[in-house]
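Chemist: Pulled from TrEMBL, these are the listed features:
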ACT_SITE  A:Lys204  active site, proton donor
BINDING   A:Gly10, A:Phe11, A:Gly12, A:Thr13, A:Val14, A:Gly15  NADP(+) binding site
BINDING   A:Lys104  NADPH binding site
BINDING   A:Glu189  L-homoserine binding site
DOMAIN    A:10-123  domain 'Aspartate/homoserine dehydrogenase NAD-binding'
DOMAIN    A:136-313  domain 'Homoserine dehydrogenase catalytic'
There are 2 protein chains.
Amino acid sequence: MKKLSVAILGFGTVGQGVRDVLCNHQDRLKEIAGIPVEISTILIKHPEKHHTKAPHVRFTTDFQSVLDDPAIDVVFEAIVGKEPAYSYLRQCIIAGKHVITANKEMFQAHGQELKQLAAEYDVGIGFDATTAGGIPIIQTIQHLLQVNKINRVQAILNGTSNYILTDMRENGSTFDDALLKAQSLGYAESDPTNDIEGYDALYKLKILCELIFDEQPVWEHVKCVGISQISAKAIKQEAASGNRIKHIAEIALTEGAITANIAPKSVSAEHPLYAIEGVNNAIHMKTDIIGDLTLSGPGAGAFPTASAMVEDFCHIVNKHMKAEGKVTTIAYS
Amino acid sequence: MKKLSVAILGFGTVGQGVRDVLCNHQDRLKEIAGIPVEISTILIKHPEKHHTKAPHVRFTTDFQSVLDDPAIDVVFEAIVGKEPAYSYLRQCIIAGKHVITANKEMFQAHGQELKQLAAEYDVGIGFDATTAGGIPIIQTIQHLLQVNKINRVQAILNGTSNYILTDMRENGSTFDDALLKAQSLGYAESDPTNDIEGYDALYKLKILCELIFDEQPVWEHVKCVGISQISAKAIKQEAASGNRIKHIAEIALTEGAITANIAPKSVSAEHPLYAIEGVNNAIHMKTDIIGDLTLSGPGAGAFPTASAMVEDFCHIVNKHMKAEGKVTTIAYS
């Protein structure tokens, strides 16, 4: 095997970000893999939209041709929504391909099954980009869990909501004005429901919950409250007392039971999430040995998300492909 | 090979913490390694101090017997000061043993050489516990650097200094009173020079600099300023303007040159290190793709440090020992 071939499924902002990061890091990736890493195929939906011609890259609308190509070792999935992403990844895993996804909506629903399937077929599965964008939260948690138990997580997982709340407080904007601003800046979708009603945070919280506790609470009993009902007046009142309203997603293990909560909360300056502003995300964890840890950074964006996916790729190369003897050994210490 | 044998060099608070974490995680470690992990030998200096008898654990004052024992695969080093720690680790690496250290003073001086030696002899070297205690900063940076360039780091790396500055601001204490309190709580040594004059932060900054930039600035030209000259009045004045004085260690790559700075600085509420209080540490990084990332948590303590060392151990088991075929494959995904 003279090169490592990858495919990208979906070529929206995240898929294009993956393409760019892979192309811009050829030397580094070759150093890590020991052989060149090449984008072999990109699966697109609307061929008429993509006029970019890239030498050596095949653009196709035919998923079967990706699946049937034995030269493709790793598949990056950057499709929106559960289907066809889930079916595609399932088939890729069964075909022995390593997979990396940024698709939180799909992964919160099918993540556990895909992880089990990947273990069964002995392929790598990367999903760090599903939660908190560029913050390497999944790999950090996997790393910590080797020694620590995590008892509670409080997190800001939706950058759009946090941007809106920050703008309302700093500029005295109404909710509607702040939402319009978020949309004009590209932070919020034209249909912002998932962000402002808390569903996006809920998806990510489910992925964290599965990873940390290996089980889920009865989600039907968990009220998911977004930020759409927050008034400028409430924000102003809290600010006058030195507090900030933050949209906080929380899971905890208390007396053997998992509890979850997703709602806006007023936090004081002493709270670890108080200082997280704008489109940033943050995860605050209580662990049994280390104590409290907080990670914060950009929660979304094509490049942070693509970076997280390519970091997953490096991890899979190191952990799975080297063991398979498919790639040579490594410079990275 | 039916079990994985480890030795601990040094049996002060950190060494004892490593013993406790290894003993309390037998099941988890067995799951990761595929075989039982056993403490074979503990190197002590003063046998009269250690009356604990543990079955199957040999206490010895004779390093040569650790070195000569081919059954010992991994060595945890928790000695204070450069020597004999450096000589011991050097010999262990040459003997083909994987090594894990928490010794920042030794590692800032000899880390580069030991890393090269470990690469040459194809053994793992873990040093996450040398910097920022329980915060998994070294592995996170190694992970990020696969894809990102880090252009600047600003960090609070000395928990004692941060505790003293926090106490002075919150309680109006003088520097001397706050130092006494830190000493009585076990945060500061009886000789607090390394903490309060900035040398401890300097050690850790050198380790980060080597890791991130793979080179060092001319340290003789970098003024290392601690917190011992800060008056209660200065703290009070800054607090009145809403600012806090923090002891900040900084490295940056500007126009191809590495600059470094270690000094107390006044930061406003918008600064990512403003909210880091008490004995906590934090590292704020500017990266080229992801953007700004911050990690914060406990910077010291026997258990956070031991936890970081055992996480390094898990990483070495996964990365090095499985490749050698010494341990069976893995449950951890």
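Glycine residues also receive a Cβ, built from the backbone N, Cα and C atoms like all the rest.
TrEMBL labels come from automatic prediction, so no person has curated them.
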Chemist: Under DSSP, is A:Gly12 (NADP(+) binding site) part of a helix or a strand, or is it coil?
Modeler: coil
Chemist: So what's the mean pLDDT when you look at the domain 'Aspartate/homoserine dehydrogenase NAD-binding' (A:10-123)?
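Modeler: Per the prediction, mean pLDDT sits at 93 for the domain 'Aspartate/homoserine dehydrogenase NAD-binding' (A:10-123).
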Chemist: For A:Gly10 (NADP(+) binding site), which residues of its chain lie six or more apart in sequence with Cβ-Cβ distance below 8 Å?
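Modeler: Same-chain residues close to A:Gly10 (NADP(+) binding site) (Cβ under 8 Å, separated by 6 or more) are A:Leu43, A:Ile44, A:Lys45, A:Glu77, A:Ala78, A:Ile79, A:Val80, A:Ala85.
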Chemist: Among the binding-site residues A:Phe11, A:Gly12, A:Thr13, A:Val14, A:Gly15, A:Glu189, which ones place their C-alpha within 10 angstroms of the C-alpha of A:Lys104 (NADPH binding site)?
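Modeler: Hits: none.
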Chemist: With an 8 Å cut-off on Cβ distance to the A:Gly10, A:Phe11, A:Gly12, A:Thr13, A:Val14, A:Gly15 Cβ center, who else from the chain surrounds the NADP(+) site?
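Modeler: Here the nearby residues are A:Ile8, A:Gln16, A:Gly17, A:Val18, A:Ala78, A:Ile79, A:Ala302.
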Chemist: Taking only same-chain residues 6+ apart in sequence, whose CB is under 8 Å from that of A:Gly12 (NADP(+) binding site), what do you get?
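Modeler: Spatial neighbours, sequence-distant, of A:Gly12 (NADP(+) binding site): A:Ala78, A:Val80.
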Chemist: Have a look around A:Lys204 (active site, proton donor) and count the other CB atoms within 10 A of its CB, chains all included.
Modeler: 25
Chemist: Measuring Cα to Cα, how far is A:Val14 (NADP(+) binding site) from A:Lys204 (active site, proton donor) in Å?
Modeler: 17
Chemist: For a quick check of packing: other C-beta atoms within 10 Å of the C-beta of A:Lys104 (NADPH binding site), how many?
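Modeler: Looking across every protein chain shown, the total is 23.
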Chemist: Where does A:Glu189 (L-homoserine binding site) sit in the DSSP three-state scheme?
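Modeler: Looking at the DSSP assignment, A:Glu189 (L-homoserine binding site) belongs to neither helix nor strand, so coil.
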Chemist: What is the total of other Cβ atoms whose distance to the Cβ of A:Thr13 (NADP(+) binding site) is within 10 Å?
Modeler: 15
